[in-house]
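One structure is given below, encoded as structure tokens.
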Ligand code: ACO
């Protein structure tokens, strides 16, 4: 068994300048600030400018992560972008980022696991380092879900926001880095959360557009029930994998989808909310970007310190889920 320890050695994030508040949404859909705050915890979200796409947000986060890791782009061996809102069906958004930052020695590909995407990318990327194939891997969660949101649909329109978070992975001192992980999927729930048209099953036509099939469709109640169940389970599995208990966690950085889902995960683990990183109020659900943005903010604010046990956990369309227990080292 390979004993190499792998962890996050640099972090960066970026959110677009434009803020859309719940009050702004009241003007375009049948909703209220009070309902959105009470039922989701979201106060406002960011929306990409007309000339900004997912790769632009990803590039800005990537540059900050490289600076934080004190590395040049040429030192990166692999770029993985996790996104459900790629620039195009192909080529991969990771290839666009590779060109933007001039990571001339890097391979590049995308991962599709929706809101679990960043953790799927983190765990995949870490394997390349563990095996000795690569030394430095850049993993990015980036989304412009505002482009796939029906702003007249109150069941989905208030939830999502745009943003990007990036992490550089590299070897860490022994005992630090990723200690345990869990990955899972249940394709039986694929229908619960999807963008029905624009792929090979229902290629884009005038009809699919008129029927708004190119926007996010979601069974919110069923996704909620799934999320509440799986968040606690996946963290407990990753903890077991790391030979740790919930009481060992210094900070939980959960996917920011709904404050009630976050509260329920904390309760299941017996964790006080002071140990849970929350920024959903500012950004809404930024899907694959939510965990790295929250992690970056918690590290830059000085909350997360070297030696802390950090639990990252998410769930999303697929259905998918993932978590990672990290002994922080920076
Ligand atoms: N504003 C005002 N009223 C609303 C709104 C709104 N935006 N949305 C729904 N309502 C109304 C409903 O019509 C309903 O009214 P009724 O009682 O008269 O029928 C009432 O509020 C309750 O509706 P519910 O859908 O039961 O509300 P709920 O408390 O379940 O909240 C929500 C809905 C926020 C969508 C919740 O189910 C949720 O967060 N689900 C999980 C979604 C999620 O996490 N998705 C992302 C997954 S990650 C990824 O991969 C992208």
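Heads up, the Cβ atoms here are built off N, Cα and C, so glycines get one too.
As given in TrEMBL:
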{"type": "ACT_SITE", "residues": "115", "note": "active site"}
{"type": "ACT_SITE", "residues": "255", "note": "active site"}
{"type": "ACT_SITE", "residues": "285", "note": "active site"}
{"type": "DOMAIN", "residues": "109-187", "note": "domain 'Beta-ketoacyl-[acyl-carrier-protein] synthase III N-terminal'"}
{"type": "DOMAIN", "residues": "239-328", "note": "domain 'Beta-ketoacyl-[acyl-carrier-protein] synthase III C-terminal'"}
{"type": "REGION", "residues": "256-260", "note": "region 'ACP-binding'"}
Are there any residues at least 6 positions away along the chain from residue 285 (active site) with a Cβ closer than 8 Å to its Cβ? List them or say none.
42, 115, 145, 159, 160, 161, 255, 256, 257, 258
So how many other Cβ atoms are close to residue 115 (active site), meaning within 10 Å of its Cβ?
33
Structural state of residue 285 (active site), classified by DSSP into three states:
strand
For the domain 'Beta-ketoacyl-[acyl-carrier-protein] synthase III N-terminal' (109-187), what's the model's average pLDDT?
97
Other C-beta atoms that fall within 10 angstroms of the C-beta of residue 255 (active site):
32
For the region 'ACP-binding' (256-260), DSSP counts of helix, strand and coil?
2 helix, 0 strand, 3 coil
